Amino acid sequence: VSTMNAKSSSAGEGEASGMRNETLGESGCLGEAKRRRVIRVAYVIAALDLTFLFMQMGVVPYLAKSLGLDSVGFGYLQTIFGVLQLVGGYIFGRFADQFGARAALILSCASGSIFFLLMSLSTNIPLLFLSRLPGVFMHGIPGAQKVITDMTTPSQRAGALGKLGFCFGVGIISGSAVGGVLSTKFGVYAPTYVGLLGSLINTLIAVVWIPSQTKPKSDHHVTEHSDLFSIGEILRLMKFPGVMQVFIVKVFAGLPIGLFMIMFSIISMDFFGLEAVESGYLMSYFGVLQMVVQGLVVGKLAGRCSEMTLLRLSVFVFAGVGLGMALMRTVWHYCVIAVPLVFAFSMLATITDSILTKAVPSSDTGAMLGICASVQPLTRTVGPTIGGVLYKQFGVSSFGYLQLMVNLGLFVYLLKSKIPLEEMKSQ
């Protein structure tokens, strides 16, 4: 009887496996060629989204000044946007889990359209503040990450997510350049008109080219956790093996350099003595580095080394970057330091996102990506206060020493602790 039961069980498993394989062929995975095409479309949407975002970032200070907003008011404007992004990141991720990556991308692109529409109508300060509200759902990168996560196997994920950094480089370079040209030749509102049109096109691309189902049918199930925002849900995800430890590393490893980047506009003027045009060149240099590192380095290393090895490497390089920042005196020093800085930043972001999405059930990858996406808005929210105190009281070198100490501590922690990295199966 036990032999018959074993055979029956084996046959059942074989049939189930066959059904799963058939499902994969019929589902959002669609086949290798179509999967690659959908992933490429996600890259295009992300690159365009970032381009439009950087276009407006360059003109907002001038628009705010023309409307009579002082530096303190501009700080409030930036803080509001950071808080909205912080709160909206997790809500957006939960929305993606419940309604699919396609719906989430459409929501992000449509919110971008409303954002640029309100900006184009901002002829006074209240309307300018009102234009920040759609930012709560503007999460093009997490939306693209959700598509890529659904459409790739765990072994492919780190490399595929890494290529999004290439899109980030494209967005920095093209957005900054195009925004500057448009505002100079056609006025401060010109980039917002282009952003509005572009966001509408991006929405159409998401509607037409992203399939309604981007993960295998076998991965879909009705979740009992229907609330779009719940502290309990966040805590539940943090209880999966290794998630809390890796997330803590993700937050604190990049925090000191995040504070430095928030203060960079002031540092570039006061410490490096750069003009606006020279600062623009420096941002373009960062964009090129980002493209090269993400496009040529991160993906290849992800395919050859274990994720824990790369996590330790990124933290160790960050510590070295901190030492370099503590000793730098000129902008040329900073240009040299930027190479390992971009490598560590890109590697840390890619590897932690890959580890964390594989550590939770497939039904929660959107929420996990939303939590990860909230790290930068959190830094932007608290950064101006903390960064301002550090810069005023201790100077530029304080960012470097903080970076060195924090990452040396994290590196020792990663060497001594055995973080349980367990890949969750589809649930």
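From the backbone N, Cα and C atoms, a Cβ is placed for every residue, glycine too.
Nobody curates TrEMBL annotations by hand; they come from automatic prediction.
According to TrEMBL:
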- 1-20: region 'Disordered' (REGION)
- 8-18: compositional bias 'Low complexity' (COMPBIAS)
- 35-421: domain 'Major facilitator superfamily (MFS) profile' (DOMAIN)
- 41-63: transmembrane segment (TRANSMEM)
- 75-92: transmembrane segment (TRANSMEM)
- 99-119: transmembrane segment (TRANSMEM)
- 164-182: transmembrane segment (TRANSMEM)
- 188-210: transmembrane segment (TRANSMEM)
- 246-267: transmembrane segment (TRANSMEM)
- 279-298: transmembrane segment (TRANSMEM)
- 310-328: transmembrane segment (TRANSMEM)
- 334-356: transmembrane segment (TRANSMEM)
- 396-415: transmembrane segment (TRANSMEM)
Contact check, the transmembrane segment (99-119) vs the transmembrane segment (396-415), 3+ Cβ pairs under 8 Å, seq sep 6+: no
Paired segments the transmembrane segment (164-182) and the transmembrane segment (279-298) in contact, 3+ CB pairs under 8 A: yes
Contact call for the transmembrane segment (310-328) and the transmembrane segment (334-356): at least 3 Cβ pairs under 8 Å, seq gap 6+: yes
Recorded stretch, among 41-63, 246-267, 334-356, maximising Cβ pairs under 8 Å relative to the transmembrane segment (188-210): 41-63
